[in-house]
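Taken verbatim from TrEMBL:
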type: DOMAIN; residues: 502-527; note: domain 'Cationic amino acid transporter C-terminal'
type: TRANSMEM; residues: 20-39; note: transmembrane segment
type: TRANSMEM; residues: 51-72; note: transmembrane segment
type: TRANSMEM; residues: 114-133; note: transmembrane segment
type: TRANSMEM; residues: 140-165; note: transmembrane segment
type: TRANSMEM; residues: 177-198; note: transmembrane segment
type: TRANSMEM; residues: 219-245; note: transmembrane segment
type: TRANSMEM; residues: 265-287; note: transmembrane segment
type: TRANSMEM; residues: 315-333; note: transmembrane segment
type: TRANSMEM; residues: 339-361; note: transmembrane segment
type: TRANSMEM; residues: 438-457; note: transmembrane segment
type: TRANSMEM; residues: 463-487; note: transmembrane segment
type: TRANSMEM; residues: 499-523; note: transmembrane segment
Amino acid sequence: GAGVYVLVGTVAREHSGPALTLSFLIAGIAAALSAFCYAELASRCPSAGSAYHYSYICVGEGVAWLIGWALILEYTIGGSAVARGISPNLALFFGGPNSLPWILARHELPWLDVVVDPCAAALVFLVTALLCVGIKESTFVQGIVTVLNCCVMLFVIIAGTYIGFQTGWVGYKVSGGFLPYGVNGMLAGSATVFFAYIGFDSVASTAEEVRNPQRDLPLGIATSLTICCSLYMLVSVVIVGLVPYFAMDPDTPISSAFARHGMQWAMYLVTSGAVLALCSTLMGSLLPQPRILMAMARDGLLPSFFSDVSEKTQVPVKSTIITGICAASLAFFMDVSQLAGMVSVGTLLAFTIVAVSILILRYVPPDEVPLPSSLQTSFRLSQECDEEKVGSPLGDGNHEQGTSEIKDVIVVESINDPLIEKQLYANKLDELNRRKTAARSIASVCVGVLILTASASVTFLPFLVMCLFCVFGGLLLLAGLGMLSWIDQDDGRHSFGHSGGFICPFVPLLPVMCILINTYLLINLGGWHVDAGRGM
């Protein structure tokens, strides 16, 4: 919930105006589409690696390596940025800016030209120590903080609604209309406020530490996202109505809105909510990264000591400590405000790969599934149980190759009837052709989305050229989507991973829409946007 405290003023002033609520809604829809894809993969393949592991299985080791480091960058910078934002809010309780005790206050080091923040580093170490205790204890503390933060946000909604009706919602009566920056400004605002929804993906990273991941992970993802989207939209409706968008304070928009209407005491209450939200977000940023490091170490992409897990707490303590040291160093020495946009870049990239993985899983699932060593046994046992229930003829063969192609070969070897053998061979050729068509269709979707979103985002090209690129990309996208809708999905999807969990609906339409929206937001995020006055 930290994003709503720090993003409302900036996004409303620079991008969305009174349409801030629509920006949150569009970002929430994009996050929801990604959440459906996340829920199925987390249910089928409960692994600490989250998006890294999903891409490792479905796309390959090279892409997974890039996604893993993108997630590490996201969580490290995100945690450091959040920690740097806590100390200014705490200073308000000590009398105003720069009022913290000397040992915690920020100090400028002229010979290094940096401003160090001891309070931020101390908070990172404190949260790191809490995470080393165990997932149960960390979740309990974060649950309390989240409940308190929700109470503060409910106060903002209720009290702000009362003030709005008393004052006539002056924020919606300004000149310029509901979309002062146009539709493009509203969409640019959506790309920025997407940062506020980052966090539900960390639920998937705890898959190995929950009792029933097939049930709990989809439920946790859906619940967290629904609550966040509802609260964000209601808060934005109220705050934009209380203060004209051009008069909002970019640093403390909510507390300043109440102070503007004579409720000085509410500033401290809202500031308390901001501090709690920032602390909760800090914990949410530091929680997934050690598990990403652990998953990459299991696959041999990092030194093996990153995969060591405490027998007592079942927590990767070494990875957690290293994560805390790196995040604390950044929070202490660096002003990471300029790097904050990279947090959303890594997340949107990971979400896009997850959606592509859903298409691959449904249409061209891998015959051999690379899993971390701790999951290979449980996966094999799950496959054996499923085959015993349906009377599978695979026996003691390779259970990780559960596609119809392998089954057909085994059946052919056990039956000497030439007519049956000919029919099965024809079925095998049809299956190979179907998989080739599906792979080409997925590639067509990805290339079409990239061309369409890139051409729609640039404005330095002549209008006719831009339209031609948009039409070409749109045709590729529609052709791929049409072929995926026409051909059958692979039978191996029923036995891939742990069966009986959440199934993503409306495939292939939902993953394709997820890829389209995430790619558009990624291209339009911060410095990625291209306009007439500058290059890439």
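The backbone N, Cα and C atoms fix where each Cβ goes, glycine too.
Bear in mind that TrEMBL entries carry predicted annotations, made automatically and left uncurated.
Through the fold, the transmembrane segment (339-361) approaches residues 30-31, 33-34, 37-38, 40-41, 44, 50-51, 54-55, 57-59, 63, 67, 70-71, 73-74, 77-78, 81, 191-192, 194-195, 198, 201, 442, 445-446, 484, 493, 496, 504, 507-508, 511-512, 514-515, 518-519, 521-522, 525-528 of its own chain, all at least 6 residues removed from its boundaries and within a Cβ separation under 8 Å. Across the domain 'Cationic amino acid transporter C-terminal' (502-527), DSSP helix (H, G, I), strand (E, B) and coil residues number 17 helix, 0 strand, 9 coil. Sequence-distant contacts of the transmembrane segment (51-72) (same chain, six or more residues past either end, CB-CB distance under 8 Å): 38, 41, 45, 201, 204, 288-289, 292-293, 295-296, 299, 301, 345-346, 349-351, 353-354, 356-357, 360-361, 365-366, 369-372.
Beyond its flanks by at least six residues, the transmembrane segment (219-245) meets 1, 3-4, 8, 12-13, 16-18, 20-21, 23-25, 28, 31-32, 35, 38-39, 42, 150, 153-154, 156-157, 160-161, 163-164, 167, 169-172, 174, 180, 193, 196-197, 199-200, 203-204, 253-254, 256-257, 260-261 of its own chain at Cβ-Cβ distances under 8 Å.
Within the chain carrying the transmembrane segment (438-457), a Cβ under 8 angstroms from the stretch's Cβ atoms is held by residues 356, 359-360, 363-364, 466, 469-470, 472-481, 483-484, 487, 490, 508, 512, 515-516, 519-520, 523-524, 529-530, all 6 or more beyond its ends.
With a threshold of 8 Å between CB atoms, the same-chain residues lying at least 6 positions outside the transmembrane segment (265-287) that come near it are 1-6, 75, 78-79, 82-83, 85-86, 89-90, 92-93, 123-124, 127-128, 130-131, 138, 141-142, 145-146, 148-149, 151-153, 155-156, 159, 199, 202, 205-206, 252, 254-256, 258-259, 320, 323-324, 327.
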